[in-house]
Every structure is written in C-alpha cells, then in structure tokens.
Amino acid sequence: MTAVPRDPMLPVLFRIEKVRRDLSDTFTMELVPEAGGEFSFKPGQFNMLYVFGVGEIPISISGDPGDRSVLVHTTRAVGAVSSALDSLKAGDQIGVRGPYGTAWPIESAYGQDVVFVAGGVGLAPLRPAIYHAMNNRERYGKVMVLYGARTPEDILFKKELERWRGRFDMDVLVTVDRATGKWSGNVGVVTNLVARGGFDPLHTTAFVCGPEVMMRYGASALEKKGVARDTIWISMERNMKCGVGLCGHCQWGSHFVCKDGPVFRYDSVADLFQVREL
Amino acid sequence: MPAAEGTAPLAVILDQAGLDGLLTAIRAKGWRTIGPRVADDAVIYDEIETVADLPMGVGDEQKGGYYRLKARGDQALFGYTSGAQGWKRVLYPPRQKLFSAKRTASGFTIDPMAQPDAPLALIGVRACEMAAINVQAKVFGDKDFADPGYQGRLKGALIVAVECTRAGDTCFCDSMGTGPEVGTGYDIKLVEMVGKAGVTYVATAATDKGAKLLKAAKGKPAAEADLAAAAKAVKAAAKQSRKMETATSAKLKDVPEHARWDQVAARCMTCGNCTMVCPTCFCTTVEDVTDLKGDHAERWRKWDSCFTVDFSYIHGGAIRTEVRSRYRQWITHKLSTWHDQFGQAGCVGCGRCITWCPVGIDITEEVAAIHDSTKGRK
C-alpha cells in the first residue's frame, strides 16, 4: 500500500498566455503551467477548468497534441463559468485538472481514409485529431473534414478551414443551416455532406463530434454510405462535476462519460442513443 | 499477534460492563467512537463515549414511508434494526471542503484541505452497512482516481459490527446476499443476546487490532455453545418479508421503455430522500463560495441526488426532465448498471429507501412488477 494519493479534485495553476476571439461567443485560450513544464494529452481528451470563486467546467482540448509547450482550449460562453472564463485576459490565472477521458483513436486509422464530421463548436475537440492527421499525412488515405455551422458567422476556425481547404491533400466541405449575407456555399445539415461520399467506406475511420442529434444522424449517414459501426467514433457531452468518475453526474447507461468516454466507438453506444432522457 | 493457523478466532462473552470496557479501550487507543444514539425520535450514528449513550431498550418499527421508535421493555442496546442514515455520513460527509483559494497580486493560490483528525471507530455496523461501506470503498478506490478522503478515513477506521437478530419490515438483505451475517471488513463482531439473565454480547475478533481490544475488554472466553447460539439468533433475522428479484433487477438496463416507469413516476415526488438515506449513493455536486470582497474563495463538495432536474443539466437544458427518467436512472444504476461499473449491485438491502420514501415506494415491489411482466420472456 502506497501513501494516500493526491486528491484528484485539486487543480493546478495555469497562466493565460493569449486569448483569441473566434466568434461572438467563442474564444480560444493558450495556457502554460505556472510551475513550468509541459502538458501532454491525447486528441479528444478534456480538462476541468476552474475560474477563481466561480466554478469549474469540462472543456475539451483544441490544440496540437504535437506541441506540448502550450495548452489550448476553445470555449463557447453559455453558462456562468464559461462566461467568467470569457472575461479573463492574458496574464490571468485559472486552475486546470486533467487531461481526462478517452481519446480519438487516430492512430488506429493509419492506412485508412479518415473523415472528420463536425457540427458547431464540436470542431474544437476534433481539431487535435485533425492536427495529428496533418502531422502524419503520409500515413492516411484521404483526409476529409465535413463541417456544419448554424450560419456563416458561426463557422469556427474559419481561417484555418480555408487554409486546410487550400491544401492539395485534404478535402474540406462546409455547410450552414441558414445562409446569411453573401453566403453562396452549401446550405443544409452536415449529414448531406456525408451523403456525398468521396471516401472509401470499407476503409474509412470516421470521427464525429457535435450536438447529440447531429452525431446520431451523422453516424447513421456514415452507416448508410457503408462505413462499419465499429470504425465510427463519437464524443459525448454530459454534466460533469469531477471528471474522474466520482461525482456520478455524467452517467449514460453503464458509462461514466468522463472516464469511459467522452470518445466512444459508435457500435458500443448505438443502443443508448435510441433511449430518450437516458 | 496473529492467531496460529487452525485456531479459532478470539471470541469472548461480554456483559454490558464489558462492552463499556471495550469502548473505553478503543477510546484509549485514540479512536473517535461513533455509534448509535437517539436524537429527534430516531436512531442516528453520532459521537458516543460510553454504553450509557447507546439506545437502551429502544426498538424501531419501519415500513413504507414509516419510521417510529418504540420501547422494547428490555435492556438491549442494539434492539433497533438500522439507523435512519448509514455510515456514509461519517466516511463521506454531506459537505466537504475541497480547497480554499486566495486572490494574490498575480492571480490566486490554492490551499488543499488538511487531512482529517482522529481516526474513527464505527460502533454497531450492521451486515448491510458493512456491505455498503465495501461498495463505496470500490467506488472511491478506483485505480486511477481514488478519493483520498474516503480511503484515508476507512483505512484508519476500527469497525465493530453488530449482527442483527431480528429483521425490520423493510429489510431485504437476505435476498441481496449481504446479511444478516456480516461479511468482510470488520475488526470485531458482536451478537447481542437478550435473555432472562440479562444482556450479553458474543464478541469475535476478525483482525489483530480487534483481538487486542477484546483482550483489553476482559470478557470470559466464549464456548462452542455460545457461538452456536449466537449464529442461531442471527439466522432468525434472515426471515424477511421482502425480497429482491435479483435476476430481474440486474437486467433493468434492458427495459428502459417499460410501462412501469410511468406508473412509478405518477407516485414519485422526486424528493431525493432515497438517495440521501441510501448507504451507497455517492453522487455529489460542487459549490463555490467567496467572501464579499471576492478575495477568498472556497470549493465545497456536497451530496447530490439524481432526482433533481439540475443534476443532468448541460447548456440548453437538462437531459432527464421527466420523473420517469430520473427514477429509472436511480434504480437502474443502483441495481443494474452498477454491476457493469463495479462488479456488483449497488443495493445492499437495508430498506432505507422504502422507509424514508414519503409515499412508500418500494424498490423491491418495483422490480417485482417488472419481473412479473417479463416472466417467461427471454
């Protein structure tokens, strides 16, 4: 028996290096550990971010897993803690616990086509996996990013999407639910982009992240194209107070989304998707 | 001084003075003794010092939505069945400070909580309660993320179990396989024998520290016949009016759309009493507080209940808005998905959720209804 372990509920202090506004309600922070050192994580994992005196929320990591010098989080301000986070600026401190949860098994897709299907801010948890694919481009067949946003003004990481689209070794398709302004691109749900295909369904691994209903339809659109359930991966969102399986809030059937997820293989949870209010 | 192999564990007979001697010996070793006492017309587990603090001659009557103490007319100290609340109150307190934080010129600092004071001696732990402590030890002892508070308190604790010789009306430990004989984890086990000649305790040590303490209590050695009589008395408590259909209860996760959920939802008030009194329910939330100037902040962990709407809230709304979803979550987790998570049921058959439900919803009856409706189906 070793000594009593460190309390997993204790955050570590990080300093905000840079804040970038992505959208009217969405921002990206670059953080460095106050005590120095590196932060390593796997694509798809999340941290619990603590704002002094306000509270703590689970936020997925949106940076490049190949760069351990900085921790990157992209957050949409929708509640008390995320709004408080939004009010912080470079030089301020926050508490960080993590990284927690399962990862996108991006390395298991070597030799395959890889399709990223994202909705809204769901592009953020996928971005580390996309970075990994780009850093190891020669290991994959086709790399596709299919992205849906509510309006053209809600397109996250727009410049980056444009840059990716400019590459000759990557396919990027974007659609919006509702066109505004001068938008002349795709209009409609992201599943329409899946239906267009362009990947080899028998040799494709798909990573899907967005609102639950979008993931449900996204996964079934992929299935309809012939992608097997066991090569489709999704990332769940649930209320989390601890991130380490102790508070009980994130339960989804037998799963603690915080430690058995957030990334699940679709065939292992497809039945749960069918149950309302589970 | 471990007992030599093949020899029987140390067993002695104590009278109530001897039991008092045992409490004294325990306290002398530095344990804080927590045991049953009467407060607010209920048996609760709280600080005790001597046998005089124990609920002498107090029995209880428990049924669906009903709990009353009643005089037994004897000198029994453990004549009730189970206390209003289990031991999680002491091993995993309802409010625990996680840390405090102070604003500084450059940000803030975090001060972890100092670890708790005197180790606890739990006096009067019933078989179902011992089982519940073991269940929670698994929950809080995950290989990756353990709760050091629970682990520390349990590791330092001395456990004096008391085996029941009578079952309450809401008890169903026999069908859960958790009682009335106490399982593993205790240091000393007592069986209270109430006879014409007075009240005695057949005390058995299960650990070295238990044996040392029993020796200090100076009882007379227990004979074979004493042990047999005690075992027989405990057997009587296995006669229980309720039983859990465990084969069906383990499969509740397979019937999320069963009509019974609507039926029970019509009665359930979502008060959360069942989750508060359940000795294994472990869910918590966190609360952040600051002083008026905002320079000092604290983070507290508080018991929470899956019966609240807020429990499942994510931006945009709660996941489980309907009563049926929340009741289904509680009972399905407790009896079914707990097996997947921790390799056993989360229910120990103590019956508190039945006793303390204001409308007397009975967990065994709900499972039986589903059992009857699915009988013969594969």
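Quick reminder: no glycine exception, Cβ is built from N, Cα and C everywhere.
Positions annotated as domain 'FAD-binding FR-type' by TrEMBL: A:9-106. According to TrEMBL, the feature [2Fe-2S] cluster binding site maps to A:CYS242, A:CYS247, A:CYS250, A:CYS258.
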Model confidence over the domain 'FAD-binding FR-type' (A:9-106), as mean pLDDT, sits at 97
Per DSSP, what is the residue count of the domain 'FAD-binding FR-type' (A:9-106) in each of helix, strand and coil?
8 helix, 47 strand, 43 coil
Chain B contacts among the binding-site residues A:CYS247, A:CYS250, A:CYS258 (Cβ under 8 Å):
A:CYS247
According to DSSP, collapsed to three classes, what secondary structure does A:CYS250 ([2Fe-2S] cluster binding site) have?
coil
Compute the mean position of the Cβ atoms of A:CYS242, A:CYS247, A:CYS250, A:CYS258, which form the recorded [2Fe-2S] cluster site, and then list in sequence order the other residues of that chain whose Cβ is within 8 Å of it.
A:MET240, A:LYS241, A:GLY243, A:VAL244, A:GLY245, A:LEU246, A:GLY248, A:HIS249, A:PHE256, A:VAL257, A:LYS259
Long-range neighbours only, meaning 6 or more apart in sequence with Cβ under 8 Å: which ones does A:CYS258 ([2Fe-2S] cluster binding site) have?
A:PRO58, A:TYR100, A:GLY101, A:ARG238, A:MET240, A:CYS242, A:GLY243, A:VAL244, A:GLY245, A:CYS250
